[in-house]
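Notes follow the structure.
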Amino acid sequence: MVIVPRVAIGVDMHAFESGRPCWVAGLHWPGQDGLAGHSDADVAAHAACNALLSAAELGDLGANFGVGQPEWSGASGVALLSESARRVRTAGYTIGNVSVQVIGNRPKIGPRRAEAQQVLSAAVGAPVSVSAATTDGLGFPGRDEGLTGIAVALVYAAPAA
């Protein structure tokens, strides 16, 4: 039997919103402005959700957990990621891995990278790597207006039992 992998890219971005708690890569960042959104606006977790759902042909974050579904209002990115992974598995796929990059000036991901990877990997039930980059002052994240998350996910059809 030939295993055919499926790969997809997911993107998410949110503007900073003063007064909201900051959740990025499954972690709370005290003292940082949070991000505006229907849920906790965790760009890393949301990008990973988009990548996983797309790889399994299950749509995207908005189609699965959007504003038309009030039960997901205020949900944590980790909860959305865990539910996305469950849906991917229910659709007959095994998750190989996910890689997420957070683009922006703050918070500084590096010092908490291992913690973020542990939290997101537990939510997915597969390895999740986390990295970060700045844009040297260019664009939305470079102007410190918010953050962008980009993720890639690898899934493959689960072997028949």
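The backbone N, Cα and C atoms fix where each Cβ goes, glycine too.
Marked as 4-CDP-2-C-methyl-D-erythritol 2-phosphate binding site by Swiss-Prot: Asp12, Met13, His14, His38, Ser39, Asp60, Leu61, Gly62, Phe140, Arg143. Taken from Swiss-Prot, the feature divalent metal cation binding site covers Asp12, His14, His46. Taken from Swiss-Prot, the feature site 'Transition state stabilizer' covers His38, Thr134.
Same-chain neighbours of the divalent metal cation site beyond Asp12, His14, His46, judged by a C-beta within 8 angstroms of the site's C-beta center, are, in sequence order, Met13, Leu35, Gly37, Ala41, Asp42, Val43, Ala45, Ala47, Leu61, Gly77, Leu147, Thr148, Gly149.
In terms of Cα distance, the recorded positions that sit within 10 Å of His46 (divalent metal cation binding site) are Asp12, chosen from Asp12, His38, Thr134, Phe140. Cβ packing within 10 Å was compared across the recorded positions Ser39, Thr134, and the lowest neighbour count falls to Thr134.
Around the Cβ of His14 (4-CDP-2-C-methyl-D-erythritol 2-phosphate binding site), a 10 Å sphere holds 24 further Cβ atoms from the protein chains shown. Separating the Cα atoms of Thr134 (site 'Transition state stabilizer') and His14 (4-CDP-2-C-methyl-D-erythritol 2-phosphate binding site) is a whole-number distance of 15 Å. Classification of His38 (site 'Transition state stabilizer') by DSSP places it in coil, neither helical nor stranded. Taking the Cβ of Asp12 (4-CDP-2-C-methyl-D-erythritol 2-phosphate binding site) as centre and 10 Å as the limit, one finds 26 other Cβ atoms among all the protein chains shown.
The Cβ neighbour count for His38 (site 'Transition state stabilizer'), using a 10 Å radius and every protein chain shown, is 18. Phe140 (4-CDP-2-C-methyl-D-erythritol 2-phosphate binding site) falls within a helix when secondary structure is assigned with DSSP. Other Cβ atoms within 10 Å of the Cβ of His46 (divalent metal cation binding site), summed over all protein chains shown, number 30. Long-range C-beta contacts of Leu61 (4-CDP-2-C-methyl-D-erythritol 2-phosphate binding site), restricted to its own chain and to partners at least six residues apart, with a cutoff below 8 Å, comprise Gly10, Asp12, His46, Cys49, Asn50, Leu53, Leu80, Ser84. In three-state terms derived from DSSP, Leu61 (4-CDP-2-C-methyl-D-erythritol 2-phosphate binding site) belongs to a helical segment. In the shown protein chains, 16 other C-beta atoms lie within 10 A of the C-beta of Phe140 (4-CDP-2-C-methyl-D-erythritol 2-phosphate binding site).
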